[in-house]
Amino acid sequence: MNEFDRVRDYLTDLQDRICAAVEAADGKARFAEDLWKREEGGGGRTRILRDGAVFEQAGIGFSDVSGTRLPPSASAHRPELAGATWRACGVSLVFHPHNPYIPTTHMNVRYFRAERDGEVVAAWFGGGFDLTPFYPFDEDVQHWHRVAQALCEPFGQERYAAHKRWCDEYFFLRHRNETRGVGGLFFDDLGQDFERDFAYQRAVGDGFLDAYIPIVQRRKDTPYGEREREFQLYRRGRYVEFNLVYDRGTLFGLQSGGRAESILMSLPPRVRWEYGFTPEPGSAEARLADYLIPRDWLG
């Protein structure tokens, strides 16, 4: 089996396993599957769970797509690849819970290959996971980062620190001067050693459930009211802002003629904006700002 097919098989299995775990955690709703084809090449399967007991919407998509010309979002930082044919596969998910005390989360793992005249000229892995709480708890954030640190350990002492820092820098809303959440891991252009890099991608993909599901179980029965729900919807607006303004995956998908429904499944089903909103000083809502700056959660 060639390298691309090995990654592809892992990713389809990962999607299956995460769907099963989320359905078990939700206890009510099930994923609906949408199989799709891309005219330019490839296709995928998008799965959406809606209106569950725990999750308002949970989307997880697998795609395997190809093209004859790299879009600007992909070739901007690799100009030598302009005009190359390409193929990419990945799994991407975003989960939006009902309960404002359960954080929203995102995970993505992907593999990209570019060819010219039948020869592979570049291939790399990318991905990571990050957590976006609305009412954060130190124990949840520390658990999230402990899992991230542990899965990085076999790949060198600096791996966690480097990819945590990359995550903090990537998921940053410059126009708001705040991070999207409390971070996690982010990596891209990892293509020096296929076996080692593929092992790391698997560690990130497999570690996601260990990082997230315990937080869901801990917070899913926390009582909340209209105030918390309104704040959750307001903060979801920042999620939308990041995805539509900064996210490279969203831009790549749209610029490459990708399937808009699948690309935009990351957006929350309900969201609101409020001009000039300022949380009451000393409130739980105001406390969130203390978490939206890069910091060492395990120190």
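Cβ atoms here come from the backbone N, Cα and C positions, even for glycine.
Site annotation for substrate in Swiss-Prot covers N108, V109, R110, G257, G258, R259, and the matching candidate from S92, S283 is S92. Annotated by Swiss-Prot as region 'Important for dimerization', the relevant range among 167-202, 239-274 is 239-274. Among the binding-site residues G257, G258, the residue whose Cβ has the fewest other Cβ atoms within 10 Å is G257. Listed binding-site residues near H106 (divalent metal cation binding site): S92 (candidates S92, G257, G258, R259; Cα-Cα distance within 10 Å). Around H175 (divalent metal cation binding site), the C-beta neighbours below 8 angstroms that are at least 6 residues distant in the chain are E241, V245. The secondary structure of G258 (substrate binding site), as reduced to three states from DSSP, is coil rather than helix or strand. Cβ-based crowding with a 10 Å cutoff singles out H106 as the top-ranked of the binding-site residues H106, H145. Between R110 (substrate binding site) and H145 (divalent metal cation binding site), the C-alpha separation comes to 21 Å.
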